[in-house]
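*Asks:* Have a look at this one before I ask anything.
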Amino acid sequence: MRILGIDPGSRKCGYAIVSHTSNKLSLITAGFINITTTRLQEQILDLIEALDCLLDRYEVHEVAIEDIFFGYNPKSVIKLAQFRGALSLKILERIGNFSEYTPLQVKKALTGNGKAAKEQVAFMVKRLLNITSEIKPLDISDAIAVAITHAQRLKPH
């Protein structure tokens, strides 16, 4: 099963596709969608086109999105909500459903501590997937962490 993890952002949207088979996780690809245009409508279209390409290329079965963190200023929260709404609609059209995880849930799933620093999450991502190289920017490791969190929820108890 292929899981797409998404860490939405107003400038960079982190993504990761993780394979989950027989209780084994492996990273297929990860990166970020760089949002460079200035008009909101163009930004949303660029984001959706990039998502479409990922869904086409990697035959994703499940999608998990990190919830918006509300510590930002109100303008940023509104913009992120618009991006997230557009992403959600496209995912519903293409996949049919998606799961959402708060930053606290993701941090707790990977480190055991809901207040862990991003660097601790990145360390655990590398450890769980046997990645030796650095994962930069942290938007990418966050997206991988979202996909891993979802995979852990899919495991039989």
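Every residue, even glycine, has its Cβ placed from backbone N, Cα and C.
For reference, Swiss-Prot lists these features for the protein:
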type	residues	note
ACT_SITE	Asp7	active site
ACT_SITE	Glu66	active site
ACT_SITE	Asp139	active site
BINDING	Asp7, Asp139	Mg(2+) 1 binding site
BINDING	Glu66	Mg(2+) 2 binding site
*Asks:* Using a Cβ cut-off under 8 Å and a sequence separation of 6 or more, which residues in the same chain sit near Asp7 (active site)?
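*Replies:* Asp7 (active site) has long-range Cβ partners Cys13, Gly14, Tyr15, Glu66, Asp139, Ile140, Asp142, Ala143, Val146.
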*Asks:* What three-state class does DSSP give Glu66 (active site)?
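*Replies:* It is in a strand.
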